[in-house]
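Some features that TrEMBL has for this protein:
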- 12-31: transmembrane segment (TRANSMEM)
- 76-97: transmembrane segment (TRANSMEM)
- 104-127: transmembrane segment (TRANSMEM)
- 133-152: transmembrane segment (TRANSMEM)
- 164-186: transmembrane segment (TRANSMEM)
- 206-227: transmembrane segment (TRANSMEM)
- 254-284: transmembrane segment (TRANSMEM)
- 296-314: transmembrane segment (TRANSMEM)
- 326-343: transmembrane segment (TRANSMEM)
Amino acid sequence: MEQIQRSNWKFNMILLGMVLLLIVSIIYSITLGSADISMKDVYQILFAKITGNNDLLEGFEKGWIDIVWLIRLPRILLAVFAGIALSLSGAVMQAIVNNPLADPYILGISSGASLGATLAILLGVGISFGPNYVGISAFIGALSVSFLVLLFGSSSSRADVSRLLLVGIALSSLCSAISSIIVFAANNRNGMMTLNFWLLGSLSAANWQIVKILAPIVIVISIFFCFQSRILNLMLVGDEAAVTLGQENHIYRIVYIILAAILIGFIVYACGIIGFVGLVVPHIARLLVGVNHKRMIPITILFGGLFLLWADILSRMIIKGVEIPIGVIVSIVGAPFFLYLVIQNSGERRQ
């Protein structure tokens, strides 16, 4: 009993600490930027905009107001929601395939998105979608591959894990091959530079329109998965063991893959492909609160937003006046961590 109380107290303290740290990080990050705007002025502009009291904006240059309200705040919110979506998708995918080395892109979603972006940037496919045609094409590519994986990876209405993974690998290779052919055939140097920057991930396109689309989707799906801990836990014990406990995982696996694909598709649409977040963050959450998804999912959500927000802060601070693609910063952290997980996993298997 005392151990349970201690465990609950630890979880509550970590949860509260994450919430406070996220709030402080948002407040701090909104004061950062190349424009020399004081902290007091930044908060006054935000307060005026949130409350609708335009009298408080008298004396401010319109450029300052636009920088704070139209550039900095949407970017910060996009970083938080993208971090949440990537981390949550990673945690769900790891449960679905029962593999701690899985990430949101394990079923070929990133390759589908890359193909969509390649078609849009180098061949102009989807240009009729408007100014966001690259993101929309990537979104369609990501979802298309996800549904093909479900179509060919399910047999007799059952989503077999091994088959899903094999189909995902095959489709990923096919999409990568087609993308490579297009790159060589197009011979478009400017398009190549744009494509490379987009594939590395960036929050520079953040605006209120994107945030308003992304925020409700991420919030609703996050709340949904917070109430799915029992089923996610049963996926970890395997399908046969779950059946003996009266639980069929297959239909839930399909639903979860669709929801994760929707999250990833929208993130790809908003800020390109950002790897490793969905791999690293769930593992850190497990180290903090254990494998029970009832505790792990909320911590994953909060830490995911915090992780990508600080990655964005670093991407703007490391080289003054230059924005490093956020995917580069995340990879610097994620790649060594991935190697550590592989080595640790190999050691556990030998034992």
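Glycine residues also receive a Cβ, built from the backbone N, Cα and C atoms like all the rest.
All TrEMBL annotations are machine predictions without curation.
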Highest-contact recorded stretch vs the transmembrane segment (326-343), from 76-97, 104-127, 133-152, 206-227, 254-284, CB pairs under 8 Å: 254-284
Contact yes or no, the transmembrane segment (164-186) and the transmembrane segment (296-314), 3+ Cβ pairs under 8 Å, gap 6+: no
Intrachain residues whose Cβ lies under 8 Å of the transmembrane segment (254-284), provided they are six or more past its termini: 78, 82-83, 85-96, 100-105, 107, 109-110, 113-114, 117, 132, 135-136, 138-140, 142-143, 146-147, 149-150, 154, 159, 164, 197-203, 205-206, 210, 213-214, 217-218, 221, 224-225, 228, 296, 300, 303-304, 307-308, 325-327, 330-331, 333-335, 337-338, 341
Proximity verdict for the transmembrane segment (76-97) and the transmembrane segment (133-152), three or more C-beta pairs under 8 Å: no
Cβ contacts the transmembrane segment (133-152)/the transmembrane segment (206-227), at least three under 8 Å, sequence gap 6 or more: no
Beyond the flanks of the transmembrane segment (206-227) by 6 or more, those residues with Cβ under 8 Å of it: 70-71, 74-75, 77-79, 81-82, 84-85, 88, 92, 259, 262-263, 266-267, 270-271, 297-298, 301
